[in-house]
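Q: Pasting in a structure now, in structure tokens, and then I'll have a few things to ask.
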């Protein structure tokens, strides 16, 4: 028989992502709905170690659903990687009469949570939140949809300039290992070429393709490049290479950078956060632990944390095909 | 054996929706990719009757992926509802050597297309585009995701005012028969109450609920009301009713109206439009007709037009549950 | 000799406007800079009467410069209109050792402040904040620039639909007595006609003008109508009148409403708020009272509150001329 | 006596800026209003040389007021710097029966125009359009207000991340010689420090100031850095220097880059463009030449092109003072 959960702690960890606040709000509101106490933990795992706690009720989370970032803040904790650190965290949770923990974050957050849960038999449920969409077992992670909108809006502005000047722009977007942001935002922004970590088509092919484009009547071009792109050149070297091998365009580089992590979450991310926040509380109530609540085919699903973590990015071949066809 | 399609016409019809331009672009680009001629038809079915055609190539659709509305324009056509009108349309298509037709729109668009296709054995494929998301057999229609973002951004602005003044706002959003926009945007905007056509909870219950909210410490409230809400009162009558039965708040009404149909499409809608536009051309190439290309579990699917049309809205009970819990 | 001010209270009153938070922040930061205590008053004049005070320091106002609304909240106070109410307010300020008061708001806010200042010889400085831009002696009020951007962005979305359907849209914007919002946003949105309170050109003339437009090749039209427009018809009656007298267009009405008061302030409003907030504190330090700090020719100016209040709206004839020419 | 102008050509040149399309529209509409022919010149001065002309009427410029960039496009022309090039341009204008020219752009655009006008006694009026606001004799240039909004919106997103992580962000904004963008957007974004080309406060002072901030309780910081900042270090070197001399923060760099030039113009820029476009046509009608139409104290003014060009950036000391006070 499952013992009744009486107090759930919630924290955010790792890189922040739009929708984290909405997820915290849903956790707190679901606790309130089910008459469970809710304990907010500031600054992620480091806050567990330092007992940086605050009791949260339904009113504590008003007017935050639309805010980017995380009001519980997020830090990296070296100490939590040590056994001593985790022991302190456990003692603090026990002292605060917390029964279970919800961790909102990505890969690293889940790895820490998984370890902690196993060591201390402490119930933990994860909510996937990272703009990179690189978690196994969930169709979407929190923040990903918002980041895509941020990227296409930025490229829309750059396109104004590109098409006014007949220029070629190389635009770097986030994605060290996964090309999801690049591929989707590239299609969404109408990019002529999209370079992603999962395939290395080679810089020579790019030149050929751009020459063909130019012949077909294109007068300006947007190339979307994922951070982790594999040509062996960084984006500035790539720009020089193109400049050396193609007379047709003025080349410009833009690295979108940190704006991609912020901003008010899209409706999609807010609704997803609400579903997952409620789902996480209900999973704990049903005795689950060491799982992530994800979304698959529009339904909340439970995925073992170990499965969630070992995401190996695979290119969405159908999307690549659509990209190639629509950039004709 | 399927005869090779050589010329595909494309039109938009019915209410406009963000993503229509992106869908037209994808159709045109896919035709170009597959060496098929593409004929743009202006002003929907009326343009078929008046042979308001223009040949489109890959360059014709540059820089439109991010534009709201439809550059092919859209009108209602009474004439297309007559046999004579449709005969003229058919003759014009034949004269222009068009082999097949892609129609982008909603319910009414598909009904007209289905009839035309049957009468003249003319290959037709539909692409679902309507902000109401009320088409059977597709998880999403074009424009729906963008409309949700437009609605939550508008409500975010109103919330600034609501929370500055301790006011209660009734906000009317689109949705004559379906509560999808209201339910999703209501969750996304953190609404306290959501009134939808699929259920009539009664105005009395609303008063009770608002009294309870007030007691729980809420000082301002947002109520999202779908156009087709079934309390028997319009939104202004509902506001008066609340005012008469609840002293606590100043009440204000806001009807969001036509801003919901416009705006630059979200990345989601642009990618969806790209997939469906390519999918529609490929369906015709494979000899399909009288179908809609929709999206289901992130894959392009084919749905009989007759099935697509008879959408009967069902409330998403899980979403309603999440709404109730997170508005505690 | 001016006695040193040691504690300044700040409140927001009347309708909220984007930039109010930025102004509060600047007041608090300027107090901190000059080593003056700062007392935040919640809920405007009613908060004065109820001593709803909170000491504010430089850190209290972090991360609010970009937020719409006012975190100090705003209410109407009937009690402050009575001598007794104002006496209570004065006693509370004295008890809290407050020396001077900064009031952020419009017309009504200044009227109350002026009366209070005279009655109790209490130093008061006003900061003009209202989206209507209807205060004498300042080129701009806080919130006005943001509201203009909100209006043109909303009309941009509606234009997508208007031009897709060859429709005529009547769009109501704020402005009961002053046409500034209508005139500026009308020019900014490329409206064909702009109806403002300061002139009554008559509904007949409108019909003539629209007929001429249609002949000149316009296929869709946007008419911006200020709330206080003087044709004697409300916007829905006006729509019917046009429909009865003009066959050419489908007519639609959109009332923008409360979204105009909210939203993150524009850079212009944030900078203006910063200048005026600093200026208000410095004015009090220099012994000024019963004045408003306004902006004229990009410099902070001092205007007697009585002068500021009796704003009589005058139409900007040059802007009207530009509107007429660019809507050809 | 002034001979009647019968045909005015219009071109955009140099870096594009939001509001250029709105200015072209106003020129075309004013020509139409005054029954003057209008000739659009594509690709700036190069288009003059290649006679890349198109007759524009009032309908040619519909639905462009809200678009970023310039539909007439803009290129650099080496050929126009030669006497032969300019002679070709003149011959082409004569052949097309053009009487006068309006050039929309910045510094370089005006220099070319001034020379051409003197050589061939050809009437030229300039409209200042550059996001840098570095033209003498006008309070604002087209695109500047929009760029400020773009910058503060980008920094708002980054602030979400900064405050979630207790980070220090160095953000590079445009401004090689002038600190206007940095100073205004820095105040608007609530930056802790603003580094501009007009003053070199030294990297040591920055460290001192950041240490003080940290002590005063700041947990995250935004530093806005103009491109042309004079510390002698580029932004990445500056980041390393801070990292070496300050333990307190994680440091991140973001270069906003080209997004600053694009985007839909703000209402302010659209209205300004409308005034200046009309003003330019009317100036030519009144026999003016070799002038720029600018805005001063909200009125259109005429400034000799030679005066306009030799803008020497001066820091707005009052604004610097406000920045220092509000960043306490």
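Backbone N, Cα and C define each Cβ position, glycine as well.
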Q: Can you match one of C:76, C:86, C:159, C:261 to the ADP site that TrEMBL gives for C:25, C:26, C:27, C:28, C:29, C:190, C:191, C:192, C:218, C:219, C:220?
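A: Of C:76, C:86, C:159, C:261, C:159 joins C:25, C:26, C:27, C:28, C:29, C:190, C:191, C:192, C:218, C:219, C:220 in the ADP site that TrEMBL records.
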Q: If I go by TrEMBL, which of C:252, C:270 binds substrate at the same site as C:130, C:131, C:132, C:167, C:174, C:175, C:176, C:227, C:258, C:259, C:260, C:261?
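A: Looking through C:252, C:270, the residue TrEMBL assigns to the substrate site is C:252.
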Q: Quick one: which of C:15, C:19, C:179, C:186 does TrEMBL put in the ATP site with C:76, C:77, C:106, C:107, C:108, C:109?
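A: Looking through C:15, C:19, C:179, C:186, the residue TrEMBL assigns to the ATP site is C:15.
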Q: Over all pairs in C:130, C:131, C:132, C:167, C:174, C:175, C:176, C:227, C:252, C:258, C:259, C:260, C:261, the listed substrate binding residues, work out the largest Cα-Cα distance in Å.
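A: Between the most distant Cα atoms of the substrate site, 33 Å.
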Q: With 8 Å as the upper Cβ-Cβ limit, not reached, which of the binding-site residues C:109, C:190, C:252 neighbour chain D?
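A: The binding-site residues close to chain D are C:190.
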Q: Have a look around residue C:176 (substrate binding site) and count the other CB atoms within 10 A of its CB, chains all included.
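A: I get 12 for this one.
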Q: How many other Cβ atoms sit within 10 Å of the Cβ of residue C:252 (substrate binding site)?
A: 17
Q: Given a separation of at least six residues and a C-beta threshold under 8 Å, show me what packs close to residue C:174 (substrate binding site) in the same chain.
A: C:131, C:132, C:147, C:181, C:226, C:227, C:256, C:260, C:261
Q: Cα distance, residue C:108 (ATP binding site) to residue C:29 (ADP binding site), nearest Å?
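A: Rounded to the nearest whole number, the Cα-Cα distance is 26 Å.
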Q: According to DSSP, collapsed to three classes, what secondary structure does residue C:252 (substrate binding site) have?
A: strand
Q: To the nearest Å, how far is the Cα of residue C:76 (ATP binding site) from the Cα of residue C:130 (substrate binding site)?
A: 15
Q: Would you mind giving the whole-number mean pLDDT across the domain 'Phosphofructokinase' (C:7-284)?
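A: In the predicted model, the domain 'Phosphofructokinase' (C:7-284) has a mean pLDDT of 94.
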Q: Select from C:29, C:132, C:174, C:252, C:259, C:261 the binding-site residues whose C-beta atom falls under 8 Å of at least one C-beta in chain B, and return them in sequence order or as 'none'.
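A: Answer, by Cβ distance to chain B: C:252, C:259, C:261.
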Q: Here's one to test understanding: among the binding-site residues C:108, C:130, C:176, C:252, C:259, whose C-alpha is closest in space to the C-alpha of residue C:27 (ADP binding site)?
A: C:130
Q: Could you give the Cα-Cα distance between residue C:107 (ATP binding site) and residue C:25 (ADP binding site), in whole Å?
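A: Between the alpha carbons of residue C:107 (ATP binding site) and residue C:25 (ADP binding site) there are 22 Å.
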